[in-house]
């Protein structure tokens with residue numbers, strides 16, 4: 001029997017597919033739609049210390065090859081999502097979940113994570129170090145010194161399962177430098193990648209979105225090659241205890257298969273989920289299992305990370 005079951009840290013999942021933060025996760029109702037689908041889990045909207053309305057609209061647009069957005073981290077505040085995942089966990093009848101959070105300063109991040117430490121929530125936390133769409137706030141994980149200092153401080157007080165959402169890296173030396181930092185800490189996972197920041201899409205001589213004069217994060221087909229490169233680069237560099245979540249350009253079982261082949265333990269779907277809805281998880285799971293059967297693979301472990309190189 002072909003299985004797409006997987007594991008992140010000490011958490012087991014009966015499937016390897018889930019939503020990406022930012023899609024179908026703003027409200028409890030949206031999260032429950034993902035919960036009731038064939039997705040293995042859900043990740044919440046990235047929660048900040050306070051409620052945020054986000055950037056002015058229009059701030060999202062579908063494009064021929066994917067999407068562009070400058071949402072600006074709209075969310076209901078981290079406590080809204082923390083309370084929700086905590087309540088679900090207490091029932092004992094739900095899947096393990098991911099709580100996505102970030103502060104707009106190191107102090108805010110510390111306040112949020114200490115509140116999670118003090119809570120009943122024992123699930124996974126995804127710290128978003130890679131949002132490209134908050135005006136005046138750089139993507140933290142591009143600053144290696146700041147990232148190192150932030151993680152060093154976090155792990156002086158935070159002992160629950162924690163992973164980080166990364167921006168895409170484009171230089172081999174940056175993979176080396178980033179991995180050297182991440183390997184110093186007890187991270188449960190890294191998520192590769194967030195959208196490629198500050199793209200520009202034009203139609204009829206005009207930009208598609210309003211914030212930042214049309215500059216926004218690019219998702220969908222555009223970013224799959226970059227996402228696969230990041231997944232594989234970190235798979236080859238990170239210690240085995242740090243699992244990898246692959247995100248970027250996934251809309252078919254073949255896409256998911258390639259992320260796992262590059263080293264991903266789980267795969268998140270963003271743009272295609274926004275376009276197709278939670279039914280996508282059933283379709284992509286079936287397509288992935290079909291590929292596995294054709295190739296004689298019974299489990300993800302049979303091919304994870306087994307990308308072949310040219311002689």
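In case you wondered, yes, glycine gets a Cβ from its N, Cα and C as well.
As recorded in Swiss-Prot:
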ACT_SITE  131  active site, nucleophile
BINDING   45, 69, 70, 71, 72, 73, 128, 194, 195  substrate binding site
BINDING   45, 46, 128, 165, 193, 220, 248, 249, 270, 271  FMN binding site
Looking at the recorded positions 45, 70, 72, 128, 131, 195, which ones sit with their CA no more than 10 Å from the CA of residue 248 (FMN binding site)?
195
What are the sequence-distant neighbours of residue 270 (FMN binding site), meaning same chain, six or more residues apart, C-beta distance under 8 angstroms?
19, 20, 22, 23, 195, 219, 247, 248, 250
Ten-angstrom check, please: count other Cβ atoms within 10 Å of the Cβ of residue 45 (substrate binding site), all chains counted.
29
Cα distance (Å, whole number) from residue 193 (FMN binding site) to residue 128 (substrate binding site):
11
Judged by the number of other CB atoms within 10 angstroms, which among 72, 248 is the least packed of the binding-site residues?
72
Looking at the binding-site residues 70, 128, 195, which one has the fewest other Cβ atoms within 10 Å of its own Cβ?
128
By the DSSP assignment reduced to helix, strand and coil, which category contains residue 128 (substrate binding site)?
strand
Close in space, distant in sequence - residue 193 (FMN binding site), Cβ under 8 Å, 6 or more apart:
130, 166, 167, 168, 223, 226, 227, 230, 247, 248
In whole Å, note down how far the CA of the residue listed as 'active site, nucleophile' lies from the CA of residue 72 (substrate binding site).
8
Express the distance between the Cα positions of residue 70 (substrate binding site) and the residue listed as 'active site, nucleophile' as a whole number of Å.
9
Whole-number answer please: how many Å between the C-alpha atoms of the residue listed as 'active site, nucleophile' and residue 45 (substrate binding site)?
12
